[in-house]
Amino acid sequence: MCGILAVLGCADDTQGKRVRVLELSRRLKHRGPDWSGMHQVGDCYLSHQRLAIIDPASGDQPLYNEDKSIVVTVNGEIYNHEQLRAQLSSHTFRTGSDCEVIAHLYEEHGENFIDMLDGVFSFVLLDTRDNSFIAARDAIGVTPMYVGWGIDGSVWISSEMKGLNDDCEHFEIFPPGHLYSSKEGGFKRWYNPPWFSEVIPSVPYDPLALRKAFEKAVTKRLMTDVPFGVLLSGGLDSSLVAAVTVRHLAGTKAAKRWGTKLHSFCVGLEGSPDLKAAKEVANYLGTMHHEFTFTVQDGIDAIEDVIYHTETYDVTTIRASTPMFLMSRKIKSLGVKMVISGEGSDEIFGGYLYFHKAPNKEELHRETCQKIKALHQYDCLRANKATSAWGLEARVPFLDKEFINEAMSIDPEWKMIRPDLGRIEKWVLRKAFDDEEQPFLPKHILYRQKEQFSDGVGYSWIDGLKAHTESNVTDKMMSNAKFIYPHNTPTTKEAYCYRMIFERFFPQNSAILTVPGGPSVACSTAKAVEWDARWSGNLDPSGRAALGVHLSAYEQEHLPATIMAGTSKKPRMIKVAAPGVAIES
């Protein structure tokens with residue numbers, strides 16, 4: 001992932017302003033250590049910090065159309081750029097960059113081309129012919145983007161908050177799936193899929209269609225001119241990403257350049273669940289596996305850096321970002337610049353353990369919709385910023401637009417967790433890849449219990465964080481929390497500690513408002529806390545906080561028979577049937 005910073009209409013085209021923009025752009029250099037670029041037209045400045053993944057030799061930014069009247073700075077990947085280039089045959093391209101198509105699409109279609117892009121992106125495009133500009137962000141918010149307004153009438157766009165927080169009167173998150181137009185003077189939504197309205201879908205579950213959609217989402221993300229790998233925790237989502245990548249890598253341009261041996265990476269405390277499971281999956285798939293360990297103290301020592309880079313005080317995000325931050329540094333040291341990761345699956349399929357308590361399919365579906373809409377403030381933010389801190393790019397196939405449309409069109413009755421029918425969380429995804437003839441994964445991995453990343457790296461990680469913050473935040477400090485932090489008041493010492501660090505880096509009220517809040521259990525929304533009366537007294541984002549679900553829901557009498565090999569019980573095979581109906585054999 002790259003870093004972009006644009007300052008538009010600042011009523012100041014002096015050398016001093018250019019120096020300031022360059023200074024602020026350097027705050028984003030960790031995102032793009034390969035090249036820095038700047039283009040100035042009057043009082044408009046477009047800067048770019050490049051992480052070269054496609055066309056490293058000639059794809060430096062900003063990018064232009066033929067006569068340089070259109071200037072664009074982009075962070076992201078456009079996976080269908082070759083097809084779009086074919087449609088733009090009358091245009092002359094300057095580079096092999098996948099993002100150059102944006103300039104030429106604007107020439108052809110004006111502002112109405114965003115939905116033609118298959119990929120993830122945040123960009124600013126300046127039309128020097130009339131000094132107008134547009135800015136847009138991808139559908140889900142995989143790439144980060146902030147917008148701010150200066151007292152001089154300027155508009156600021158930055159990949160990270162640190163690029164504009166000191167120079168804007170007000171700033172906020174640039175909303176995913178939106179376009180900002182200087183001509184219109186505001187935002188408009190360009191991404192309007194059927195699921196966004198939260199109407200309950202009724203399409204029957206088709207395992208093969210779901211599998212093919214995911215395989216397509218993974219294979220298009222093998223577009224790279226640099227060494228890459230996969231993040232592998234040994235859980236369902238990352239294991240499927242690795243399994244599909246291994247199956248489809250041969251024959252790709254990436255394989256011709258870098259070979260067919262896939263590299264996989266895992267992080268955890270010594271003896272953690274993830275390390276053990278990841279090694280087993282890696283051995284099964286035949287990857288070149290790299291295992292990194294850290295101590296609780298290593299993680300605690302990194303907390304301030306993690307908060308600076310992730311730009312949040314959300315407890316869940318910081319807990320999970322820290323191991324990812326540490327691992328990313330190790331991965332980059334090996335010469336790898338891109339990894340494929342498994343974020344988004346739990347939101348789409350209702351995979352968090354609290355979904356066991358979903359009262360009906362309607363509430364489950366609405367909860368998944370809300371979770372997807374909020375991803376840009378949680379898992380997308382973590383996956384992008386924790387890796388970009390070290391100049392590493394993370395790609396997330398579960399958040400592919402086409403795949404989301406396929407998965408979110410399924411009648412949510414199929415996503416309901418029904419132990420009596422052999423359905424654990426994310427059963428529809430597990431079943432789609434439960435191939436007896438050509439197995440993607442071993443059964444017990446395919447049906448492994450959900451562990452949140454911050455839990456799976458080792459339970460003592462979270463316990464260690466709590467103990468550390470307990471010794472650094474006093475009861476007296478907590479008693480005054482509501483006066484010191486009236487917005488999103490921290491309710492635990494851990495949250496209080498993170499908030500103190502955050503406000504040291506980002507003291508502005510606008511910064512505080514970029515972080516979501518409210519009650520949550522095991523990563524739920526505030527609404528889902530109502531699903532179980534016990535949860536309101538145990539509000540913690542760890543999966544272990546889902547009282548009555550974690551572990552206890554997985555006693556053998558409720559496990560799918562397909563993973564009961566080796567037990568004394570007689571296997572009970574559950575076949576796909578209509579919702580609410582079990583067919584036994």
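Cβ atoms here come from the backbone N, Cα and C positions, even for glycine.
Pulled from TrEMBL:
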type: ACT_SITE; residues: Cys2; note: active site, for GATase activity
type: BINDING; residues: Asp98; note: L-glutamine binding site
type: BINDING; residues: Leu231, Val267, Ser341, Gly342; note: ATP binding site
type: DOMAIN; residues: 2-185; note: domain 'Glutamine amidotransferase type-2'
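Here the features listed in TrEMBL are placed on the structure.
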{"residue": "Cys2", "record": "active site, for GATase activity", "Cβ neighbours (10 Å)": "27"}
{"residue": "Asp98", "record": "L-glutamine binding site", "Cβ neighbours (10 Å)": "25"}
{"residue": "Leu231", "record": "ATP binding site", "Cβ neighbours (10 Å)": "26"}
{"residue": "Val267", "record": "ATP binding site", "Cβ neighbours (10 Å)": "29"}
{"residue": "Ser341", "record": "ATP binding site", "Cβ neighbours (10 Å)": "25"}
{"residue": "Gly342", "record": "ATP binding site", "Cβ neighbours (10 Å)": "24"}
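A distance of 31 Å separates the Cα atom of Val267 (ATP binding site) from that of Asp98 (L-glutamine binding site). Across the structure, Gly342 (ATP binding site) and Asp98 (L-glutamine binding site) place their CA atoms 23 angstrom apart.
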